[in-house]
Each structure stands twice: as structure tokens, then as C-alpha cells.
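As recorded in Swiss-Prot:
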type	residues	note
MOD_RES	2	N-acetylthreonine
DOMAIN	14-78	domain 'HMA'
BINDING	25, 28	Cu(+) binding site
TRANSMEM	102-122	transmembrane segment
TRANSMEM	129-149	transmembrane segment
TRANSMEM	164-184	transmembrane segment
TRANSMEM	199-219	transmembrane segment
TRANSMEM	361-381	transmembrane segment
TRANSMEM	387-407	transmembrane segment
ACT_SITE	443	active site, 4-aspartylphosphate intermediate
TRANSMEM	695-714	transmembrane segment
TRANSMEM	718-735	transmembrane segment
């Protein structure tokens, strides 16, 4: 997609968006970005999460030239035909491609492993053309199925870098070359007597090692791609939360429905109850209650009248508004919030995979050891073929197939156990930060509170009963769809019939109940000056807590006050206390008013409160905390929490929350119980410990076998044993996570990690 934008000093700037394919990690995104930024007059930013490169240039740069530059770097690029976001899922496509490669590789691996061992250990079983049969079965696995690793390894070589793919590719290639040399070389098979002599002296056919590494790593990469797809699906669906169509008001007063993306600035459009506001703008006519909670965190609907501002992405609850568009499309606050989420996720993805960090040191070390091994054999007077064989053996044994299982197995077991506890772990990259989390930031509406208004108190004037006041109010409010009315109506089942019902926008409702005129609404409308002192005291108390005070009047006489509030979750206080017991600092960050925020913080035990803050402000607070050296976990549920969840070191979203929050978070709390927040932190930490221990197992056996290979004593039995044992211990160690947590969800008690060592260890 190519658009004209306004740059600095009002200069015309051309913006081009390219969809990049072939990137396997954030390092790839950096390479593409660096390649594009080397072009004159080009400023590029590449988002690995969305696979989109956004290029701003003050020159007439041809998009084809940009695509060609990306291709020279080893990737594919095409011009975006939309706004850069697409319904397609690159991670899902990648997972499908990996599954096809995995299925074919797994089918071929079984006969390759059987025949390699049989022909190597028992030469008498070899038949005419056995070399061709074995090679025909193995080569598709080590070439086509393993091509994703070879492609990245070659790209890394061009950039003088090393990653996990480099290690895998080198190991597979070395094992394949050695095997081809063994099976096609003019070697006469040596007949051996005794089973141990046959096993320990078997010919060096390592096709099963090369194929096994390919299969095991493909398994891990497939599950990793699936997890990425699931993690990104909510963010890709974010655009669905905005309005699709808008009713534009024409000069003659008629309306015309057009696609929302065709709306222009200064055009007027109509919004009715239940509809989503299509753009940021100014209300010019009408009055309506607007649910702003998704954008600002304000629990109570906001009454918008002519001259009031409205925000795109919010929902009109009642009334009708005519709005003049001030910001449309990518310029709206909603679109800006989407960009904040994407940018924050892209920054979080900059952390390299743990395996890549290890490989960046391990690969050069192995190559040096292999070279020293060959040199040592030659200096010692060994034959050149023995020197080359020993060097290749070092490369073969250095590639641990369990490396591909180290992270996926831990994540699979942790995800299964987490599901039992009401916790869903979306990915492992950001979980590395959990070991150092020292600050937990909570949103208020929908996180610490239910997000639904409820009656918190009823105060009756002398001569009236609280139940009587509530019943009269509920009878009238039952005919209204206002959120406060719904809360009052739901507070009791005791109702009579109502007649002459009227709803006065911005004031309240009225009606006749059993021949008595009843009004329910704002104190200013009812006439609070003539109220009994206890009613005025109840109003002051409710408003000091950030609650809404609703007055009830019968036949012109004020008879009671009903306090309505966003109820605090029962599990909130215990969760905050559990975090404090773990030595964690807690904060409340909300767009709601200071009085309401302070009241909720006091009830749940949080000392630090920042209220009346916009979504961008939440991101700023998170960044300030991180700049001071804090490692921050954020717990939220709304659209307005998305950017902060993505920017935090660890984001936790309530499962019933919006797609934005879920898309931005690293951990989803499936059930609406906050007592699993500390347990989620514990599970994330335990998972990362398991992943790291798996890495030790994955590398440990192979590192121990390197001296054996360098000494020229390596054979398929040793290589196969190292592969099998390292994989076995990785899986066994991951299964320990099934013991995590003492209590299942719903018992009301947060259990600490209960992990025991596997019996095999």
C-alpha cells in the first residue's frame, strides 16, 4: 500500500507498506529493517508480529526497488493492498507448511532409523543397491524437510551470525555427508564376532541421527508456530471491534449507509442505541449515554450532549447522536491504540530466543573444536580420512535433537496444568521476565471489579423501609435500559406494575406504581434540598466512595437513596495479599475518577493509585516504572489496557476481557478469579526454570560426548544413545510441571508450586 502523508516541515512523504515473508525471528526483522534503511532517503520500520514493513521516504522511491532490496537480503516482499493488516495468518500458514514437512519426515524416519542401524551393525544384511534405498529414504528428510533450517543457516552465514538453525543445519549436514561417504565409499564391511563388538564397532551410518534431529526439531517448531498463531489471532481480529458501516447525514436530512473506512473528516453521521461510534468527533445534535469503558476505563456511562466529544470504538447505549467527524481511519484514538499494541508487542519480540543466545556462542565453539580435532589428528600422524572423520563426528554429536523439544514440551505440559488451574500461557519469550517481576499493576474496571454496576446500599427516609424504597425504584427502572436502571432492577424481585413510564435523558425515570407517582434519578432532579439529613449523609458517603447516588421520590416526597457501584470481586483482596506475601509491589492504574479508584484500592489493600489516566498514560506509567529498574506485570481486561499489557514485561488478561487485551497479554486468566494471579506468576517462573533445565539436558549429553567424538571413538550407538537419553530427560523434566499447584481452581486457596523430581532422575 502506498499513501501520501505529511512529514516534518509539511514536506510530502510517501509511505509504502510491504508484507514480508520468510522471517523466522526478530533478528530477521532487524536485518530487513537495516537493509531498507541503507537505501538513500528511506526510513523503515519492520514489525515482526504483523510481518509488515512501513517505509517513509521523501523521494519517489519505486516499491519494486524496495521489494528487490528485501529479496537481496534473503526474504520475500510484496506491496500491501490494504492498511497493512490482513485476515491471513502468516503463523498459521507457516504451521501448516511445517506440519506437511513433519508428516513426510516422520513417515520416512522410521525405515531410515531401522535400516541404518541394521546395515551398520549387521553388514551381512546388506543387499545389492542398499545404499541407494537408504539414501532415497533419508535425503528427502535431511534436505526438503530440513530446508527451513538450512535456509536460515545460509542467511545467517551471509550476515556472519549464528543461531539455533545454524547448529541444526551444521549437524544434519555433517551427519549426512559422513553417512554418504560411508555407504558409497569403497569400504569392505568388517565381519565381527560377538554382539558387543558388533555394536561398538558398527559402521558410521548416521542417517538416522540426521533424520531424527530433523523430525524432533520440526515437532517443536510446529507447536511453536501454532502457539504464535493463537497468540496473534486476537490482535488480527482487533479491527473487527470498530464500526463496519456508518449512516452519513446528507444535506437534505436523509441518511446514507456507507463503509466506515469511506467516512471523511467534517462529514456528519448518525449513531443509534447499540451502535459503535465510527470516528472521533463532536456531537452536534441529540443526547445519548455512551459506554466509554472500553477506551477510558470509566465504569459508568457518560452522557454526551451537543458540544461533547465522542471517541470512535465506543458504544451508544441510549438516545441518538449526530456527530461531526474530526478524525477518521488511522487518525482515530482507536487506531492509535491498535498501533500502540503492535509497537509494544514488536518491542517485546526483540528478545532473542534462549536457544539462539546459547547457539551464538556454542556454534563457533563447536566449529573451533572440530577444526582443532582435525588438526590434532594430522599433527599426531593420523590418516587424513581419520582426521576428517573425527572432525565430522564432533559436528554430528554437537547437534542435540532434544534442543527442539526443550521449550515446546515444557510449554505443552505447563499449558495443560495451567488450564486445570484457570491459566493459559500463550508463549515463552516474555516469560523470561517473570523471575524478576517486582511490581504488579492492576486495572480497576473489570479486573479488580466485576465491571457491572450493583446496588451497594439503600438508605430510607424516616417512615420508609429500605426494601420498600428499593422495590418502588426497581419497578420503575425495570422499564429502562440504562446501566444504572438495570442494576437497581436486578437488586430485587419484588415489583408491581408500572404505568405512565417516562425516561428523561440525563435525569432519570418516572412512572405510576399502584396509583403513586414515583420518580427515580439524579439528586438535582429529585430536589435533594428537601431531603432528610440521613439521605444527604448517604449521598455524601456514596460519592466519597466514587459511587452513584440515585434518589427516589414518591408523590413529591424524597423517600430514599440507592447507592450503585461497580462491585469489587471477592477474590481481589486475597490476590493482592498473596502478592504482598511474595514481596511484590502492587499498584492500581485506571481511567476512572480518583474517588472511585481510591475506594477500590482501600478495599483490596493497594496503597499506590494513579487514576483518571488515558490508555497512552498507562503506557507512560509502565515505561517510567521500567526505566526505574522495575520489572512490571500488568493485569487488565479492556481495550484501554491493551497497550499497557503489551508494553509491560508480563501481561495478564482476564479471559472474559476484550480481544485487544487477550491479544496483547502473555498469560490469560481463563476464569474470572484473581486469586490465580500469584499462581500464574509462580507457574510462569516454574516453566522458565524448566525450559532452562531442559536446555542443560539438551546440551549436556552431547557436550559430554564431544571428547568421545574427537578421540575417534564415536559410533552410531553412542550418537543414538545421546539423542535418546537427552530427549528422555527433557520430556521427563517437563512432566514435573504436572505436579505444579496444590489446589485446583475453585477451592479458594492459592497453592504454591509443588514439584517433585521424576523417578527416572
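Glycine too: its Cβ is placed from the backbone N, Cα and C atoms.
Long-range neighbours of the transmembrane segment (361-381) within the same chain, counting only residues 6 or more positions beyond its ends whose Cβ lies under 8 Å from a Cβ of the stretch, are 162-163, 166-167, 170, 387-388, 390-392, 394-395, 398, 699, 706, 709-710, 712. The average pLDDT computed over the domain 'HMA' (14-78) stands at 80. The candidate set comprises the recorded positions 28, 443. Of these, 443 has the most other Cβ atoms within 10 Å.
Each residue contributes its Cα atom, and for residue 443 (active site, 4-aspartylphosphate intermediate) and residue 28 (Cu(+) binding site) those atoms are 35 Å apart. Each residue of the domain 'HMA' (14-78) gets a DSSP state, and the totals for helix, strand and coil are 22 helix, 23 strand, 20 coil. A coil conformation is recorded for the residue listed as 'active site, 4-aspartylphosphate intermediate' in the three-state DSSP classification, outside any helix or strand.
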